[in-house]
């Protein structure tokens, strides 16, 4: 068969070749085998003999031009059939068809292959069909770290997850460069083609896996506080960690505030051992496990404005006193409180003391229990019932016992203000004791309001301004108490009138009122601007010859005594006595009977002497200003001294008792302070000048303007007193003015702002005068003959001694008015001090010859001689003028 085909193919080729080159036109042979004539059929056709005929048929792959399969027409041609344009394509899918003459050739497209191979033509063995080539079977088709994906007729390479295509290669992708690759609190770990997320220490994955990718899982904080911290501590969980903190009241054993070491312990802090005390002064600290508590000692209570919780706990003194506060510095009372057996002589005394303290302790020891004024008052009644037994005690024991009792009653009353009971009793009336109290609410809302409190016929009148001045910080209240029978034991033997030390032995004293007491909350108890008025009922009618004395009970190292300081008599009648006091205290009235001539005598001497001094000072000032013959620096010093003394004594007479206006009284006291100090400083100036004069006797013109200027002397004489007054007023402005006189306060020690400089000047003057007398003794013998013959040496010596009194001896006498010679000292002080102006006029005017001559000319009307020797007058004028330069 194969050979036949080849033969046929060859024959066709030969015929084609022949036909193409030899194509003679001849008439077909109709007889026999017609197909012998090759020209009968066109090229690419076959001739087929039939009976008596033939027909032509185009070969395979060709088609007749007339569309007939068999034809004889010589004009018909066989045209090549384009099989590749047929549909479907003869080569099949995924192939390419190439038309050939009479046939076609099949080849597979790229990516496909046929078992017969490409360039297949019909007739070749096998069936041509194109199937896809799987390129991915070849390992080198795609680069490393990529995946090959086969497709129909092709393939593709894609980088694996975790890689990125770059320059026909697959490079690793660093997923950790993206902050969103892992969740919060995780660490990203990049690997080749992959990455992993690991939770940070202190966190764990929500998926439960150690490593993970992406945000499908989260890192959740591990709560380490379940069992990581020791006892008495607090565990604080933080993101990824934790720390331990000891509870308040505990401290870590390693000293670190926050710790994680499990070996650390939280140990209790003993806050009560700290210095200074955690609770503050006057407190009691009690330590507890992890805490402590604060309390206050007796006599103190917690400050309501602070708290232990806030760390500002403090104890402030209660409104009332407790046992520790009222015990005076007395050996007998101390023995009663030592807890040991007392001497038989003190048994009764200690029993009375302990009875009083038992009532007071009930109030002080229980700081929260309310205090009933009625109950505590009745508790003191048994003490007053036994007051007659106090007469067997010594004076010191009686005064100590009275001090304890009076202060205990005051403390109990103040306690009732601080811890009042539900049923407040404003007044308690008993046979031996009356108390009327008043809590201040709206009573003092208006100005100039006064309150009256009455007890046993006695009365206390107090203004709201005084209550406000008491500086009460909590409950404000006042009370008035009157005791029955206490005047019999606290009698006149406990009184010493320090304001009238000159009373004679003929004066008799007696108690003539009940002992009363004013009680008020607040720390300030005395020195009030507005006085407190006490009206005390006389036990016996006052006689005309009797002088009442208001006395207050003052405690001292020996227990206590009556004193007249701080109170004055406003009015006295037969039935009552009105006292004006600048203090809240226990009071009574003592009647003094007998001759009081010495007090009156001093009053007359003082006022008459001051009036005489004022007249003399006016004359001296006029003399220094008008007498030209003696006008020099020395007379200027005398002039300033006289002016200051004149103003001081005038203001003293006119304003010492102007106490109605508080501010005006303080101003008067301030001016008196300044003027009297100025007198002393000008006296000091004169002492210095006198010293210089005697020391420089040989140099007559020793006081020239170029040595000492008057301006400097004035600055000293007026400036230093002003400095003392300004400093004193700045330190204690309330020291100026008292309730009974406009002078410096003698009860607070403020008087030393005057006495201090005075004593200093006196000491300096004494030293200068002593030195002056010594120099005078040495120099008088060397004075030139001309001066010594003037017989003025005795006058100079007299002036030196007289200057001693002018420069302060009288004030020395005033300071030493104590002891048995107090009366004599008082007389000397009053006489010399009141006549100080007269002494100045006598020494510097009447004993000066030039002045006497001027007086004579003024009186007689004669004119001054034209020529007069001044040489003999040098020492008489005490100091030459600067213009007298010889």
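Using the three backbone atoms N, Cα and C, a Cβ is placed for every residue, glycine included.
Among the features that Swiss-Prot reports, signal peptide is placed at 1-20.
Summarising the annotation, Swiss-Prot assigns disulfide bond to 35-47 (among others) and lists sequence analysis as the type of evidence. Non-local neighbourhood of residue 47 (disulfide bond): 34, 35, 37, 38, 40, 41, 54, 55, 56, each in the same chain, at least six residues away, with C-beta under 8 Å from its C-beta.
Around the Cβ of residue 56 (disulfide bond), a 10 Å sphere holds 22 further Cβ atoms from the protein chains shown. According to DSSP, residue 56 (disulfide bond) sits within a strand segment. Among the features that Swiss-Prot reports, disulfide bond is placed at 41-56 (among others).
Here Swiss-Prot flags 58-78 (among others) as disulfide bond. Residues within less than 8 Å, Cβ to Cβ, of residue 58 (disulfide bond) and separated from it by at least 6 positions along the same chain comprise 44, 45, 46, 64, 69, 78, 79.
Cβ neighbour count for residue 97 (disulfide bond) (all protein chains, 10 Å cutoff from its Cβ): 17. Residue 97 (disulfide bond) carries a strand DSSP state (E or B). Per Swiss-Prot, disulfide bond is recorded for 84-97 (among others).
Swiss-Prot lists 108-130 (among others) with the feature disulfide bond, giving sequence analysis as the kind of evidence. DSSP assigns residue 108 (disulfide bond) to a strand in the three-state reduction. In the structure as shown, the Cβ atom of residue 108 (disulfide bond) sits within 10 Å of 25 other Cβ atoms.
Applying an 8 A CB threshold to same-chain residues 6+ apart, the list for residue 148 (disulfide bond) reads 135, 136, 141, 142, 155, 156, 157. According to DSSP, residue 148 (disulfide bond) is assigned to a strand segment. Per Swiss-Prot, the feature disulfide bond maps to 136-148 (among others); the stated evidence is sequence analysis.
Within the model, the domain 'EGF-like 4' (172-220) shows a mean pLDDT value of 87, rounded to a whole number. Residues or ranges marked as domain 'EGF-like 4' in Swiss-Prot (evidence: sequence analysis): 172-220.
Taken from Swiss-Prot, the feature disulfide bond applies to 176-188 (among others), supported by sequence analysis. The Cβ neighbour count for residue 188 (disulfide bond), using a 10 Å radius over every protein chain in view, is 18. Mapped onto three states, the DSSP output places residue 188 (disulfide bond) in strand.
Taken residue by residue with DSSP, residue 182 (disulfide bond) is part of neither helix nor strand, so it is coil. For 182-197 (among others), the entry in Swiss-Prot reads disulfide bond, with the evidence type sequence analysis.
Cβ neighbours within 10 Å of residue 225 (disulfide bond), excluding its own Cβ and spanning all shown chains: 15. Taken from Swiss-Prot, the feature disulfide bond covers 225-235 (among others).
The secondary structure of residue 244 (disulfide bond), as reduced to three states from DSSP, is extended strand. Residues or ranges marked as disulfide bond by Swiss-Prot: 229-244 (among others).
Taken from Swiss-Prot, the feature disulfide bond applies to 246-266 (among others), supported by sequence analysis. Around the Cβ of residue 266 (disulfide bond), the same chain contributes 230, 231, 232, 233, 246, 247, 250, 251, 252, 253, each under 8 angstroms and 6 or more positions distant in sequence. In three-state terms derived from DSSP, residue 266 (disulfide bond) belongs to an extended strand segment.
Taken from Swiss-Prot, the feature disulfide bond covers 279-294 (among others). Taken residue by residue with DSSP, residue 279 (disulfide bond) is part of neither helix nor strand, so it is coil.
According to Swiss-Prot, the topological domain 'Cytoplasmic' annotation covers 628-634 (among others), on the basis of a curator's inference.
Among the features that Swiss-Prot reports, topological domain 'Cytoplasmic' is placed at 691-709 (among others), with the record citing a curator's inference.
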Candidate disulfide-bonded residues 84, 97, 182, 197, 279, pick with smallest Cα gap to residue 244 (disulfide bond): 279
Helix, strand and coil residues within the domain 'EGF-like 4' (172-220) as assigned by DSSP: 3 helix, 20 strand, 26 coil
C-beta crowding around residue 229 (disulfide bond), within 10 angstroms: 22
Candidate disulfide-bonded residues 97, 130, 229, pick with smallest Cα gap to residue 182 (disulfide bond): 229
Nearest recorded site to residue 130 (disulfide bond) by CA-CA distance, among disulfide-bonded residues 84, 176, 279: 84
Residue 235 (disulfide bond) CB neighbourhood, other CB atoms within 10 A: 17
Cβ neighbours of residue 41 (disulfide bond) where a neighbour is any other Cβ within 10 Å: 25
